[in-house]
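Feature annotation from TrEMBL assigns transmembrane segment to 56-76, 88-114, 162-185. Residues annotated as region 'Disordered' in TrEMBL: 232-314. Residues or ranges marked as compositional bias 'Polar residues' in TrEMBL: 235-245. What TrEMBL records for 273-286 is compositional bias 'Acidic residues'.
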Amino acid sequence: MKLTLRPEWRLWPFSSFLGLLDIKTGVVVALMFVLLNKVAGVYGLIAVVTGAGGSFAQLSLYIYSVVALLAFGWALNAVKEEDPKHTLYFAHLYFADHVFSTSWTVFFAVTWWFQTPHDGSRQANSPAQTEIINGAIMAGQPLSEEERIEAAMKIWNHEKGMAATVIALGWLSKIYFILLVYSYATHLRKGSYRLLSRSRHAGAPSFSANHAYETLGFGDEEEGEIEDFYRTPARTPNTGNSVSSFADFVNAPPSRPRRMPPSSLSRGGVVSGEEDDTILFDDDEMTYTSSSRGHSKLGTDESSSNTDEERTRV
């Protein structure tokens, strides 16, 4: 059993990126953003291995980022080749990555907003951070605990709204990128991508058609003839109209005359001219003509003699 949405509930696929650029360009931009995000996970994994430390959630995120980096590198090749099947797989992968990233984002946001104290106290996770903290204390102006908490809360109240806005905008922008990737995959599956107004290949033949022509070894002239042959006429002829039929009959090219085989009379030299000239009559026609003339003359003589005999008797 296949579950599908009603036609009125289905989303219409996008035809461009932000209404300005080609939809394929938008998909590449979305892919570059996610690749940049996954590369940051590689540096986090290197930091954990070198002794920076971290929680289990951080370590799992870094490992997932490395694996996803390889998968999205394969997806970039599928987008460039305009492969409908692999592009649809990439859309599913992009959606799944958004779900996983959202779960980690919610976990870290709750930890940062509600479980981490924002009183300005310094927490060192490694000996290197301890040295940095000690150097800052010696170089800066010393504050009391109340002054430090007040200054830290002032900074936190000013920055937490901006942080929440950036996270929300990033989450919504990724939703738009997901719809964009699915729209691009839909156009490739339907064969309508090159018909889009913002497409960089608008009006050009599809990839499969070009590949087929190259496989068959057609040149530019043969390819143009094939396109002209399969091009749909802008106006269909009206076969039921008598006026158009008569016009087609008048404008039709003259038919080639049927060439008759040379007769024995023409071989004998009776008809002058070359052998390719048109034959005026045949042997059978000549025989029939001479016999009909003799028969008609004989009949005329008999009828005239009979008439003279009747007159003599009278």
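For all residues, glycine too, the Cβ spot is worked out from N, Cα and C.
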Contacting positions for the transmembrane segment (56-76) when only residues 6+ beyond its ends and CB under 8 Å are counted: 28, 31, 34-35, 37-42, 44-45, 48, 86, 89-90, 93-94, 97, 100, 104, 107-108
Outside the transmembrane segment (162-185), six or more residues from its ends: residues with CB under 8 Å to it: 11, 13-15, 17, 23-24, 26-27, 30, 33, 79, 84, 87-88, 90-91, 94-95, 98, 101-102, 105, 109, 193
